[in-house]
Amino acid sequence: MYSLPFSLCLLLLSVLDVVEFGQALPQQWQHQGDAGRVKRRSAEVPIMRERRQAAGDMQKRGWGGAVGLGDSEDLFYSVALTVGSTTTAFNLDTGSSDLWVTSSDCQSGACKNSTWPQYPLSTFSSADTDVLMQYGDSTSGTSASGPVGKDTVTLGGLSIQSQPFAAVNKTDSSVVVNNDAAGIFGLGFPSESQVQAAVVNQQFNTPTTTDEFVATTSENGPLLSRLAMTGQLDQPMFTVTLQRDTFDVGGNPGVLTVGKLPDGVDNSSLTWVPVRLYAPRQGGLDAPSFAPDEVEIGGVYLDGQRLADSTMTGVSAGTVSALIDTGNSILRGPADVVDNIFTTVSPSYDATDANSVPSYPCNTAHTLAYQIGGQMFPVDPRDFTVQLKDGDATDCYAGNLVSTDPPAVGGLFSWSLGDPFFKSNLIAFYYGNLTHPSQDPPRIGFMSLVPSDADTKLQAAVSAAQQNNGIFASTSDNPLAATAHIASTTYSMSAPTASQTTRATQTQSSKASSGGYTASRVHSGSLLVTALACVSVLFHLA
């Protein structure tokens, strides 16, 4: 789920020094303050996935519980956080940066119908400001609003006091409407935070520069940013893998790992790339008066064949980028490329007919892959294929892919790689030095978890469903119970061996305002240019 203006970002200023991004995790990050008084920590937090059935009814089961395949495009992954004395579920969102929870003052129908604990305002320390947060694209936009304040927030045993967040009293967010969680936990870089912007504007009387915003991130920034900047983490980073609960239940463990790589994952197994820059003319921020720094990438492939580049480049001509977003339940891309994919997997598909469905046999495996940092990162065919209708394990369709808006100022990405991508890959987000990125730049690491026999596994799952009256197994887990379960369970992941690489063809990477702060972002190709780094992956057009 990406916020408006859309991406995960970090304020940067390109400098003449050349930074070597071939390294993986950089040198041990050093806290700028008195790190000796802070014990650095790390934690693993299990992630719960909810699936909404077509009729709108939730099916809640423990691990291994089997239900009929529901609406595969309504997927929400959530974790348990404790805000004040209230422990409740939050949608995990790498595409936004704000923490918000529905409060006891929320009187909208969605809030009244929610079964998740809501935040009582009894321990709320008001920041004397309000915030409006907007999410989605032109066809799926939602919002949440309410007062901003502070309270103690705990995640997997990691606590931080006076954490800014929004106590939402009005929302039409699908997270709340569908009763999947009580709020959103944004994991993005601080410069995308609307909550932080509201606090800074209130504290500094709507400053005209970003100096105050950057300088006070350790006090006013998002939860994980503050944990990193106050030295509580072994490394200023987190990783995410999402579990699969359809076609072939299980797959990778659903885990948010904070402050380190997951156990069993070697740093050299990841492909690290820097994060994209946004210049002010593209929706980025003006730089602070002190120095903060910078990304890049290749192509999109279907079944080993490179797809033609999109002509719908908008304001981002010459570059294709991808937002890496757990808050997006599917894959979103340029309309012309999406139509190309649909007609390839389903020759009968008619792009001019709004009712046409890109259907194909369930046991036909298709692999959509993205070239990042010169390496292929595919979407497992089990995460690309969707059952066309309940009780039918013969006919499926490409239901986890839709078109999205062309690149625009403030949102230059052409692709949004959501939950299917996270089910197929381990993604690591490294914050680096949030106030002086030139000293330790931010980056994203990728490790494919798709087995070499994914096609065979899909076919076996389809065969099993056909023998079970066309019903695929599915499961969901309560995030509150899942978080308690982690205490006695070790979630570890190992990189696939050389023989377990994806069947996608490996190819050579192509070339490589006025008063008040408003969170936004954008790309700059030159040195000494004000820029904003967004957690996007770049695909340079050939």
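Any Cβ shown, glycine's included, is placed from N, Cα and C.
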Cys111: disulphide-linked cysteine among Cys9, Cys106 [source: TrEMBL]: Cys106
Integer Å distance between the CA atoms belonging to Asp325 (active site) and Asp93 (active site): 7
Cβ-Cβ neighbours of Asp325 (active site) (radius 10 Å): 29
